[in-house]
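A quick write-up on the structure given underneath.
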Amino acid sequence: MVQVKDMDKRNESPNTDFILLGLFPGMKHVNFLVSAILLIYTVALTTNSILILLIWVDSHLHTPMYFLLSQLALMDMMLISSTVPKMATDFFSGRRNISRVACGTQIFFFLTLGIAESILITLMSYDRYVAICNPLRYALIMSQKVCLQMATISWVGGTLTSLAHTAYTMHFPICGSREISHFLCEVMAILKLACEDVSAYEKAVVTTTIMVLFIPLSFILSSYALIFLAVLRMNSPEGRNKALATCSSHLTVVILYFGPAMLVYMRPSSYHSPKLDEVLFMLGAILTPMMNPLIYSLRNKEVVCALKKVLGRCLTSN
């Protein structure tokens, strides 16, 4: 066994660069897909920036829910920026190589932001629970200090978990082909190239996924079960509709985020296929960051009113 490992180490490729095969290798007219992704990227950066600006300048949006939403918008901007610029650069330049350090960096940021969003979305469900089930104590429970602690827990939790997985993934020696059948560096894709037996670590990845996705999702569903029971007891139809509208936006974001992530990381490795993985990553890492601000703004009267106010000021000053 030791001899086999030594032989694998000797066979490790001297060239440390990986080759990203890009979006759906062999697909005809992939340039249209890349153009669509760049459009999505532009819309995502624009809408998330506008949402953060509105929350910052409008005093009516200085509430716990909107503070947490601004953190989600920031994470979305960084998440989509960790993949799309590199993918587009590779496509237009024809160069598909990525250094080992750059690959590890991309994995680190992608995991950090993905895990941080999972924690933040879970905490946002608690915010909704307190707002609807305990409205009289909402300001006391969801104080500025608590909101800052929630944001800190999300960022630090994502960073530490990502750091551990990135360091362990990148320590494996790579033998033979260094081609990654993906448009980004990703943990499971790197593990497929490793010389050593990674089955034990793959189980650790699944365990982390359960902690990061399944447990938060269970917490979210429990919170919403209590929220819906409280909504059913409301006498005011207007209050009931407002509560359901706010919760429906958050639930839509939950489905968009947790759906693709669970399908990617909670499937057995034997069921993974490069094309399906790319589709799921596109949904979770590219489409969702564009959809989140649209979901929260188009269906939210307070955000729409804030936008009209800012536009009115700009037109008046001009």
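Each Cβ is built from the backbone N, Cα and C atoms, and glycine gets one as well.
Curation plays no part in TrEMBL annotations; they are all automatic predictions.
Computed from a predicted structure; not experimentally measured.
If you look up TrEMBL, you'll see 32-57 (among others) marked as transmembrane segment. Panel annotation: around the transmembrane segment (32-57), residues 23-24, 66-67, 69-70, 73-74, 76-77, 80-81, 84-85, 87-88, 91, 282, 286-287, 289-290, 292-294, 296-297, 303, 306-307, 310 of the same chain, lying at least six beyond its termini, place a Cβ under 8 Å from a Cβ of the stretch.
What TrEMBL records for 47-296 is domain 'G-protein coupled receptors family 1 profile'.
The transmembrane segment annotation in TrEMBL covers 101-126 (among others). For the transmembrane segment (101-126), the residues of the chain that approach it from at least six positions outside its boundaries are 18, 65, 68-69, 71-72, 75-76, 78-79, 82-83, 86, 150-151, 153-155, 157-159, 161-163, 165-166, 169-170, 184-187, 190, 212-213, 216, 219-220, 223-224, 250, 253-254, 257-258, 261, 284-285, judged by C-beta separation under 8 angstroms.
Per TrEMBL, transmembrane segment is recorded for 210-232 (among others).
Distant neighbours of the transmembrane segment (244-267): 65, 72, 114, 117-118, 121, 124-125, 128, 131-132, 188, 205-206, 209-210, 213-214, 216-217, 220, 224, 227, 231, 277, 280-281, 283-284, 287-288, 291-292, 295-296, 299-300; these residues of the same chain sit at least 6 beyond its ends, with a Cβ under 8 Å from one of its Cβ atoms. Per TrEMBL, the feature transmembrane segment maps to 244-267 (among others).
The transmembrane segment annotation in TrEMBL covers 279-298 (among others). If you look at the transmembrane segment (279-298), the same-chain residues 6 or more away from its ends with a CB under 8 A from one of its CBs are 37, 40-41, 43-44, 47-48, 50-51, 69, 72-73, 76-77, 79-80, 82-84, 110, 114, 182-184, 186, 249, 252-253, 256-257, 259-261, 263-264, 304, 307.
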The average per-residue pLDDT within the domain 'G-protein coupled receptors family 1 profile' (47-296) comes out at 87
